[in-house]
Every structure is written in C-alpha cells, then in structure tokens.
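Student: Pasting a structure here, questions to come.
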Amino acid sequence: MIGLEGILVGFLILLGLMMLGLHIATALFATAAAGAWFFFGDVMFRPFGTMMWGTLNNFLLVAIPLYVLMGEILVRGGVTERMYVALADWLNRLPGGLLHTNIAASTLFASISGSSVATAATIGTVAFPAFRKRGYSEKWVLGSVASGATLGILIPPSINMIIYGALTNTSIGALFLAGFLPGLLMAAMFMAVIVVASVLYPSIAGSKEQVAPLAERVGRLKDLLPPLSIFILVMGSIYAGWATPTEAAGVGVVAALLLVGLSGRLTVHMLVQSMLTTVGVTAMTLLILVAAFYLNFIVGVLGVPEQVSAFMSGIDVHPWTMILLLVLLYIFLGCFLDSLAMMIATIPIVFPIVSHLGYDAIWFGIFLVIMCEIALITPPVGMNLYVVQGVRGRGTIGEVVMGTLPFLCCMFAMVALMTVWPAFIGFLPSLLS
C-alpha cells in the first residue's frame with residue numbers, strides 16, 4: 001500500500017516526464033514500471049504481456065480506427081466543402097454572418113469525425129478563403145474555428161469518450177448520449193456570443209452577405225444529407241439496439257464509402273491515404289492505451305483509489321469547491337499537456353475523488369471531455385491553436401488565442417451548469433435506459 005506522499009510523487013514524476021517532451025506512452029509506462037519495480041521488484045513486469053494482449057484484444061477499441069476512417073473518407077470525398085456552402089446559405093443572414101457557419105459546420109462535422117483536431121483543420125481549410133474576401137475580423141474567424149472544432153470530442157461519436165469508457169469501464173453508448181445535449185447547447189452558446197458581439201460591434205462581421213435565391217438555397221440542402229444520414233445511421237443503430245458502438249462504426253464506414261462512391265470521388269489513391277492516416281492515428285492511440293492500462297493496474301495494486309477515497313472521507317469540503325479545484329488543476333495541466341495525455345494521466349487519481357463527491361462516471365466523463373476541450377485552446381500546448389494557425393499561414397498565434405477567449409467563457413459556463421445541475425448530463429441516458 002502506498003501513502004499519499006508516494007501518490008503525489010508518482011503523479012509529479014508522470015507530469016514531469018510529459019512536460020519534458022517524452023511520448024505519452026513512454027511517460028506512462030516509465031512511471032508504471034518505476035512504481036512496480038520500487039514496490040514489488042520485477043514480479044510486476046510479468047503480467048505486462050498478458051495485459052497488452054487483453055487491452056488490444058478488446059472489441060470495443062476497434063471503434064477507434066473505424067470512426068477515424070469514416071471521417072477521413074468523408075473529408076477527402078469533398079463532403080465538408082459542400083456541407084459548409086449549404087450551411088452558409090442559410091446562416092449568413094444572422095448577425096455575425098458566416099461566423100455562425102463555422103460553428104454549425106463544426107457541430108455537424110463533429111457528428112461524423114470524433115476528433116477536434118481533424119475538425120479544426122477541415123473547417124479552417126474551407127472557411128478562411130471565404131472570410132478573407134469579405135473583411136471579417138480575423139480574430140473572431142480564428143476563434144470561432146478553433147473553439148467550434150472542440151465540439152469534435154463532445155458531440156458523438158467521440159474518440160476521447162471511447163478511451164475514457166475503456167479506462168473506467170463506462171458504457172460508451174451512455175457517454176455518447178450524455179454528450180449530445182451539452183454539445184448542442186455549447187454550440188448554441190457560441191452562436192449567441194457571436195450574435196451579441198456582432199450587434200455591439202458590427203464591423204467584426206465584414207461586408208453584407210448577398211443572399212442566394214430561395215430555390216438555390218433549398219437545392220443545396222441536399223448537401224447536408226450525407227453527414228446527417230451517417231450520424232442518424234450510426235447513432236440510431238446504437239440506440240435502437242441493432243448494433244454496438246463498434247458495429248455502428250463499421251456501418252458508418254460502409255455508408256461513407258457508398259456516399260463518396262456515388263458522388264464519383266472515391267479513388268484508390270484517396271482510399272489508401274485515408275487508411276494510412278487511420279493507421280497512424282490508431283497506432284499512436286492504442287500504444288497510449290496499453291501503457292495507460294498498465295499504469296492503472298499498478299495504481300490499483302498499490303491501493304491508490306482506496307487511499308484517495310479515504311483521504312476525501314476525512315476532509316470536509318463542499319462538492320462545488322472540489323470541482324472548482326479540479327477545474328483549476330485541469331486549466332494548469334492544459335497549459336503543458338496534450339488533452340489526451342491530461343485525461344489519461346489524471347483518471348486514476350481524480351476518478352475516486354469525483355465518485356466520492358457523488359457524481360457518477362458518465363457525469364465525470366463529460367466534465368473531463370469539456371476540460372479537454374478547454375485544453376485544446378489553452379496556450380502554449382493547445383493543439384487547435386496550432387492547427388488553425390497552420391491553416392491560416394500568416395500572423396501570430398496570439399491572435400488565435402485572443403479570438404478564443406469569448407468562447408472559453410461559454411465552456412466555463414457549461415462546466416458551472418453541469419456542476420449545479422448534474423441531472424442535465426444524465427437526462428438522455430436515463431430517458432433511454
């Protein structure tokens with residue numbers, strides 16, 4: 001059994017290794033191996049091979065490459081560009097014009113992607129040329145793309161939710177369902193911020209948009225059908241009980257192939273490039289998961305969850321105060337760690353704390369995903385900031401950071417809402433259960 005001092009030292013060693021730039025999987029395994037050797041000798045190295053096989057042999061994890069492949073096929077098949085134009089036709093009359101299209105397109109693309117970084121790169125590539133022609137405030141354009149893209153890990157399907165569910169043995173279907181309402185509400189909050197800012201400062205919205213004829217706008221609605229139909233097919237098959245999340249991901253890949261094939265854009269080269277990207281993302285993710293499962297095994301053997309729970313039982317603190325402290329912790333960690341690293345590194349320590357406070361695993365999963373969203377746009381490590389700046393190709397990253405600040409306020413408001421009203425997160429899962 002390890003003491004609280006040992007837990008703190010181990011946590012700091014893990015964070016230190018990550019901050020030094022070690023690969024996430026290397027840092028996780030090194031910390032686990034050091035703890036295993038220090039307390040038990042080499043006897044705890046023996047289960048590693050069996051544990052690796054057990055982790056990789058998990059049918060649930062097959063969903064990760066399938067969802068990545070589905071998003072890659074749709075992006076390379078040109079679905080995103082047509083979707084963006086169709087949304088712009090209907091949203092450009094709102095105060096803020098095309099800024100709303102960034103949020104709506106990110107929301108819709110998130111429902112078929114599962115990755116915030118992919119959403120930022122895709123929407124940014126499509127959006128920036130249109131905004132430069134119309135004189136929009138560049139900070140607001142950058143902020144809406146970077147912040148809207150964070151919805152990629154909150155609106156299902158979400159790769160982060162799959163990883164969280166695997167690590168905490170939580171239902172993936174329930175997590176997907178729980179993320180749906182917060183995702184839509186956050187998108188609505190983003191758009192409300194744009195409306196208010198555009199009314200107060202009309203210059204941020206650039207020149208007046210020319211409204212397309214009604215017949216043309218109605219005709220372009222068909223370009224929204226591919227992402228919507230795949231989302232309904234994937235999510236509907238899960239909640240109708242026809243398929244598991246993994247099987248639904250396979251259905252989504254087949255549907256994406258059919259849609260892109262019927263549009264005449266499916267080529268061997270495009271398919272090969274989609275698969276190569278999928279292999280790279282999947283290999284990195286599974287390597288991290290193997291190391292994380294080994295660390296969780298060592299943490300469990302050392303009795304860390306029990307120690308943390310016992311410590312929490314001995315202190316008198318209001319649950320909201322503890323959640324505020326966790327928010328501050330994740331803001332700090334988000335300045336130095338990748339969002340996935342932050343999530344995996346803290347689950348063994350924070351999960352028992354949140355459980356002791358009376359919040360369930362599904363609530364904590366959504367809370368953690370939103371904190372990961374905040375980390376994605378928190379300098380100096382926020383990945384979405386660098387992706388958007390890279391697509392932009394000029395100026396400084398500080399302008400991207402400034403553009404995200406109004407949207408960060410919405411994210412913190414969402415955390416406050418779900419802390420005060422936890423039933424909001426569990427509403428849809430409990431309704432369908």
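We number each residue from 1, going along the chain as drawn.
Note that Cβ sites are derived from N, Cα and C of the backbone, with glycine treated the same way.
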Student: Among 140-166, 302-328, indicate the range for which TrEMBL gives the feature transmembrane segment.
Tutor: 140-166
Student: Using a Cβ cut-off of under 8 Å, list the residues of the same chain at least 6 residues beyond the transmembrane segment (365-388) that approach it.
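Tutor: Long-range Cβ neighbours of the transmembrane segment (365-388): 116-117, 120-121, 124, 142, 145-147, 149-151, 153-154, 158, 160-161, 164-165, 168, 170, 175, 178-179, 182, 323, 327, 330-331, 333-340, 342-343, 346-347, 350, 354, 359, 397, 400-401, 404, 407-408, 411-412, 414-415, 418-419, 425.
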Student: Give the one range among 99-128, 140-166, 224-242, 248-268 whose Cβ atoms make the most pairs under 8 Å with those of the transmembrane segment (400-424).
Tutor: 140-166
Student: Sequence-remote contacts (6 or more beyond its ends) of the transmembrane segment (248-268), Cβ cut-off under 8 Å?
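Tutor: For the transmembrane segment (248-268), the sequence-distant neighbours (Cβ-Cβ under 8 Å, at least 6 residues beyond its ends) are 62-63, 66-67, 69-70, 73-74, 76-79, 112, 157, 226, 229-230, 233-235, 237-238.
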Student: Could you give the residue numbers and ranges of same-chain residues that sit at least 6 residues beyond the transmembrane segment (172-203) on either side and whose C-beta is under 8 angstroms from one of its C-beta atoms?
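Tutor: Sequence-distant neighbours of the transmembrane segment (172-203): 60, 63, 94-97, 99-100, 103-104, 106-107, 110, 137, 140, 144, 147-148, 151, 154-158, 161-162, 164-165, 235, 238-239, 244-245, 362-363, 365-366, 369-370, 406-407, 409-411, 413-414, 418, 424-429, 432-433.
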Student: Cβ pairs under 8 Å with the transmembrane segment (275-297): which stretch of 59-79, 99-128, 140-166, 224-242 has the most?
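Tutor: Between the candidates 59-79, 99-128, 140-166, 224-242, the best contact partner of the transmembrane segment (275-297) is 59-79.
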